[in-house]
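Student: Sharing the record's features from Swiss-Prot:
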- 14-34: transmembrane segment (TRANSMEM)
- 59-79: transmembrane segment (TRANSMEM)
- 94-114: transmembrane segment (TRANSMEM)
- 125-145: transmembrane segment (TRANSMEM)
- 154-174: transmembrane segment (TRANSMEM)
- 179-199: transmembrane segment (TRANSMEM)
- 205-225: transmembrane segment (TRANSMEM)
- 260-280: transmembrane segment (TRANSMEM)
- 295-315: transmembrane segment (TRANSMEM)
- 328-348: transmembrane segment (TRANSMEM)
- 362-382: transmembrane segment (TRANSMEM)
Amino acid sequence: MNIIKNFLQKESASGILIILAMILALILANNGVLNKFYSEILRLDSGIIFGEFKLIKPTILWVNDGLMAIFFFFIGLELKYEFLEGELNSISKVALPSIAGIGGVIVPAVIFYVLNHANRFDVNGWAIPTVSDTAFALAVLFLLGSRIPISLKLFLLSLAIIDDVAAIIIIAIFYTKTLSIISLFISFCAIVILTILNYKNNQNIYIYLLCGIVLWVSVLMSGIHATLAGIIASMFIPLRDEDGDPEHGMLQSVMHFLHPIVAFLILPIFAFSNAGVVFSEDSILNLTHPVPLGIIFGLFIGKQIGVFSFAFLAIKCKLAELPNGCGWLHLYGLSILTGVGMSMSLFIDGLAYAESDAFLYANKIAILLASTMCAVTGYFVLRKASKSQN
């Protein structure tokens, strides 16, 4: 329980740090003098040259393709542990977050599609309102302190894991470009080596690190989004140590090492790099376009309806139970909080419209607006739920 408590505390602190990073990005982007400095940082090219091999990218892509690969590697480690040893290691435990998570993907996607189906390019962003930012949601929960049952926080974490699985599948299937056969072959070779290492329960972290780097570069060059390399590599990190103990295995060690790096460095840097919205007259007027509207309605309306209605049906059909100590109002308030998309929605937005900046600032404003609405509304609903319970 102490491990979970520490985890939650770090996640909430990370959410606050992400908010500060986004505020700083907004200040820089909307200041006439500092905007140029901010833009030049994001466009600055850097990379590696080794003989004929060159890997040169601007800062923004190093963040989105590199640092976010580490983020997804960490998420993959969490998924593996939770499905094998943790909160999702049985059907009864996984039922409610799984069913609620499915609703939280389907309903927002349908709302976005209904508003944008007339234009084949616009509809590419259907996945933007389907994801959640757990760090932000946990930060809101912790503002309420001990008034919120620990079971509700654990349910949010379980729901976040299901949400991450959905995001991984969506990125792999719908946001992958043309493929390079040679790079895919190198990726396959790296995966084979990782499989052998895992089968033999090899405990040398440096071999896994080397294979992971080769896998990341080859996936990046293949046309598949590089963040998937992180997920793939994480699946091969040994769960148990040489004595068969999962609590002291490499997976737990790497998770504990990466957690503060992801929470306090990678996610704030990502937020700072992607949240620099210029509040121009055009970007404000473009909020009435179906794409930004689809994002706003998908996150604020679709998420809460999808998560709550699917969870409600699952409980009424005896497929799952309400978290201990929670009432329906708790569940509804949490459902609203899942609409806080922030960093993950910004990430999917960058993939969906990578070849165009037609909705660049309007989409970011829509994500910020909808996420803020969800955070504020969810906070007051949960506050009322805690008072009603007392």
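Including glycine, each Cβ sits where the backbone N, Cα and C put it.
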Student: Okay, the transmembrane segment (94-114) and the transmembrane segment (260-280): do they have at least three CB pairs under 8 Å, pairs separated by 6 or more?
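Tutor: Contact absent: fewer than 3 Cβ pairs fall under 8 Å.
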Student: Hey, which bits of the same chain come close to the transmembrane segment (328-348), Cβ under 8 Å, at least six residues off its ends?
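Tutor: Residues 18, 22, 64, 68, 100, 104, 125, 127-133, 135-137, 140-141, 148-149, 152, 155-156, 159, 163, 167, 170-171, 175, 267, 270-271, 274-275, 295, 299-300, 302-305, 307-308, 311-312, 322, 364, 367-368, 370-371, 373-375, 377-379, 381-382, 384-386, 388-389.
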Student: Test of understanding: applying the rule of at least three C-beta pairs under 8 Å (pairs 6 or more apart in sequence), is the transmembrane segment (125-145) touching the transmembrane segment (94-114)?
Tutor: yes
Student: For the transmembrane segment (14-34), find every same-chain residue at least 6 residues outside the stretch whose CB is under 8 Å from a CB in it, and list them.
Tutor: 133, 135-140, 262-264, 267-269, 271-279, 342-343, 368
Student: When you look at the transmembrane segment (179-199) alongside the transmembrane segment (59-79), do they share 3+ Cβ pairs under 8 Å, ignoring any pair fewer than 6 residues apart in sequence?
Tutor: no
Student: Where else in the chain does the transmembrane segment (125-145) make close Cβ contacts, counting only residues six or more beyond its ends and a cut-off under 8 Å?
Tutor: 8-9, 11-16, 18-19, 104-105, 108-109, 111-113, 116, 152-153, 156-157, 159-160, 163, 166-167, 170, 174-175, 263, 267, 291, 294-295, 297-299, 302-303, 337-345, 347-349, 352-353, 359, 363, 367, 370-371, 375, 378-379, 382-383, 386
